[in-house]
Each structure stands twice: as C-alpha cells, then as structure tokens.
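Now, the feature entries from TrEMBL:
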ACT_SITE  SER41  active site
ACT_SITE  LYS102  active site
COMPBIAS  187-197  compositional bias 'Acidic residues'
DOMAIN    13-113  domain 'Peptidase S26'
DOMAIN    119-162  domain 'Peptidase S26'
REGION    171-197  region 'Disordered'
TRANSMEM  12-33  transmembrane segment
Amino acid sequence: MAQKAGRRYVRAFVSGFFVAVPVTVTVLDRLAYVARVDGASMQPSLNPEGASAPDVVLLNRWSVRNYQVQRGDIVSVVRLSEKPYLCLVSGSPKNPKQKIIKRVIALEGDFIKTLGYKNRYLRVPDGHLWIEGDHHGHSFDSNTFGPVSLGLIHGKASHIIWPPNRWQKIKPSVPPDRRPMLNWGESTEDEDDDEEK
C-alpha cells in the first residue's frame with residue numbers, strides 16, 4: 001500500500017516537473033525575471049548603499065516587446081563593446097550574456113547635450129535610445145559608446161524587490177538637467193505637468 005502511494009507521489013512529481021519547467025522557462029523568456037544590480041552607476045536610484053546591499057529588480061520583458069519605452073525608464077540592455085567603433089560599425093555585443101542597466105534619457109529624434117561623447121550635441125538616430133547611469137562619471141553608458149539600438153533592450157525595471165526595506169515600484173523620471181533639448185512634436189509627462197501649473 002505504501003509502495004503504491006510512493007509511486008503515485010513520484011509520478012505526480014515527475015509529471016509536475018515536466019509541466020513546470022517549460023512554463024517557468026516561458027515566463028522568464030517572455031514575461032519577466034529578476035536580476036541583481038551590481039555597481040555604482042545607478043546610484044542613488046539603485047544600490048544606494050553600494051555593494052553591501054545590492055538591489056534586486058524585477059525586469060519586465062513583456063513591456064518592451066514592441067520597444068515601447070519612455071524617457072526616464074530604467075532598462076536592461078545587452079552590454080556593448082568597450083570600443084565605440086565596434087558598436088557603431090558592427091553593432092556586435094562584447095558579451096551577449098552580460099547586461100547593463102541604465103536610464104533612458106532620450107528617444108529617437110531627440111536632441112541631447114552629451115557628457116563627454118565625441119559630439120557635444122547629438123540627434124538620437126531613428127531606432128535608437130540615449131541611456132545613462134544616474135551616477136555620472138562612474139557609468140559605462142551612451143556617453144562612452146553612443147546611442148543604443150532598440151533591438152538591444154532586454155527588459156524594463158519595474159520594481160525593486162530586494163532588500164525588503166526598499167520594495168517599491170520604479171517610476172520613470174529624467175533628471176531636469178538631462179532632459180532632451182528638443183523633442184520633435186513629443187512632450188514628456190514632466191513638461192505636461194509643468195504646463196498645467
């Protein structure tokens with residue numbers, strides 16, 4: 001009797017396992033996954049206490065499936081080559097498994113004043129974004145390698161889920177001094193709010 005119950009338990013476990021694994025893989029591939037944020041490039045928004053207490057964020061893959069991102073979103077992108085000419089010519093990533101997490105400062109068509117890029121002023125090309133870390137000078141971002149192709153976006157950070165005292169939804173925001181200089185016919189939510197006041 002106990003032997004039959006044990007076999008039923010093993011069969012149920014095995015069949016559940018073979019259902020759970022594909023469902024989990026699909027969820028992680030299409031919907032969302034969690035990632036630990038290392039480094040100081042996004043301080044103080046992420047990792048305000050540094051390496052002693054790194055933030056863990058929920059990266060929403062579903063929301064970027066049609067490249068629908070807005071200024072101020074924090075996104076994960078495939079890490080680009082440290083040699084800018086390789087990024088611009090071939091677009092080939094240095095390590096496709098490594099991702100970086102940065103804030104979207106400007107969208108395609110926006111004019112931006114850069115912080116040390118080869119061109120002081122730049123129009124973000126069609127199909128690209130301008131991304132930066134919040135901790136300027138300690139960030140490997142568009143000021144190093146230029147505009148990023150929308151195709152390199154991997155996910156959008158929607159929530160901080162660890163440590164527990166930092167649980168929160170991440171709201172899009174662009175620092176006032178980093179807003180695009182000119183937007184072709186578009187307005188940001190912040191500009192709309194300013195007009196209403």
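Just so you know, glycine gets a Cβ as well, placed from its N, Cα and C.
Residue counts for the domain 'Peptidase S26' (119-162) under DSSP (helix as H, G, I; strand as E, B; rest coil) come to 7 helix, 20 strand, 17 coil. Around SER41 (active site), the same-chain residues six or more apart in sequence whose CB sits under 8 Å from its CB are ILE100, LYS102, GLY133, ASP134, HIS135, HIS138, SER139, PHE140, ASP141, listed in sequence order.
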